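**Student:** Got a structure here, written out as structure tokens. Questions coming.
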Amino acid sequence: MSRPAATLVLRNAVVATCDRGPSDAGLLPGAAVAVEGRRVAWVGRERDVEAEVNLAGAQVIDARGGLVTPGLVDSHTHLVFAGERAGEFALRCAGRTYLQVALSGGGIAVTTRETRAAPDEQLLAAAAARARRLIAQGVTTLEVKSGYGLDAPEELRLLRIVHQLGRALGGDATILPTLLFHAVPPEQVGDRAGFVRDACASLIPQVARERLAQFCDVFVEDGAFAPDEARLLLQAAKDRGLVPRVHAEQLTAGGGARLAAELGCSSADHLEELDDAGIAALAQARVVAGLLPLSTLFLGSERYAPARRLLEAGVPVSLATNMNPGSAMSENVGLTLSLACLKLRLTPAEALVAFTAGGARALRQPDLGRVARGADADLVLWGCGSPEHLAWHMAVNHALVVVKHGRVVHEAPPAAMVDCR
């Protein structure tokens, strides 16, 4: 059997393969990873790499004892928007709830007005800046939702901007677009049934026909969409080949998780108000539970998703930033990992697996989120030697080198390089 001809090798590493289940990061100390082109060609012991891999012509990175993981998969983001909601943040700091602000004319309505008024170039530039901040922290795959246009023409415009974002990043990250039904447009609040009917008959088929999205997501919540409305939208999307997902049980127990199980959604995200029946439904249907602890922190709540109960019930979990202007205005990967441990009670290994393999599962991307022969060569070298350190040293960017499809797309300055041995 011929040796793989490596184009990139990371040596002297602690490799986390993230392919051994939800609670095992698959740590391999004293290890190396060899990449051939866009794929992982070999993973094994450092002492074997020279005998088993052709290193002639390969770019070699000495990890110096640092942790090498799969590229992070941020499976839930809202990067395309304009404007700010800092004033709303101050109101919530003074005691108003998210729902109270929304019902008084704030919330999504504010972002919708600003986003509709912004030109494409402004929206693209802002989204690209947010994506670049995530890439610099080890994210190599991003799900990006529409949702702030609300009506059909604006939602189509936002999805086209998401596609432009992928091109603007030049292959430095994979962008997976989602059509999000966030709320009924203000122009159609008097005819909710008509809006849903038109979306099923026109918007969703056009999105599918033009291949503008891979997923369709619905916010199932008081003031957004009822389960019966969401069922119609998601079934129409599923019939057209889009993968259904839901925002579920974030602010109230609205039945979104059971709907996700019924429809075979790839994920049900948020879940702060999830009950035992919802957990059982997700477990039986093998729907991924999307954990978004930055949102809970940002909204000033102490009611986090029941992550431990989900894991104990056998529900697969993912971890994501939920970067958005209303409930998680942050791209901080390190803080997300730390909150997963401190508030969701995940172990550091579980948090890392959820942010890699879990995200890949939520997005139905089997070649992502793991370090294994044949998998996509999306890798991160961190300036520490363990998942525990990543979560312990809070809100810090530990990413030293980020690799996408076998190509270094981000590298920290030399002064940031550390020896972890």
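Note: Cβ is positioned from N, Cα and C throughout, glycine not excepted.
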**Student:** Among His163, His247, find me the residue Swiss-Prot lists at the same Zn(2+) site as His76, His78.
**Tutor:** His247
**Student:** Swiss-Prot records Tyr148, His182, Gln250, Ser327 as 4-imidazolone-5-propanoate-binding residues. Which of Arg85, Arg96, Arg373, Arg407 is assigned to the same site?
**Tutor:** Arg85
**Student:** Out of the binding-site residues listed (His76, His78, His247, Gly326), which are within 10 Å of Arg85 (4-imidazolone-5-propanoate binding site), Cα to Cα?
**Tutor:** Gly326
**Student:** Is His247 (Fe(3+) binding site) helix, strand or coil when read with DSSP?
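**Tutor:** Reduced to three states, the DSSP call for His247 (Fe(3+) binding site) is strand.
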**Student:** Taking Tyr148, Asn324, Gly326 as the record's N-formimidoyl-L-glutamate-binding set, what's the max Cα pairwise distance in Å, rounded to a whole number?
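**Tutor:** Overall maximum Cα spacing for these binding residues reaches 11 Å.
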**Student:** Far apart in sequence but close in space: which same-chain residues, 6 or more away, have a Cβ under 8 Å from Asn324 (N-formimidoyl-L-glutamate binding site)?
**Tutor:** Thr77, His78, Phe81
**Student:** Rank the binding-site residues His76, His78, Arg85, His182, His247 by how many other Cβ atoms lie within 10 Å of each Cβ and give me the one with the fewest.
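**Tutor:** Counting other Cβ atoms within 10 Å of each of the binding-site residues His76, His78, Arg85, His182, His247 gives the minimum at Arg85.
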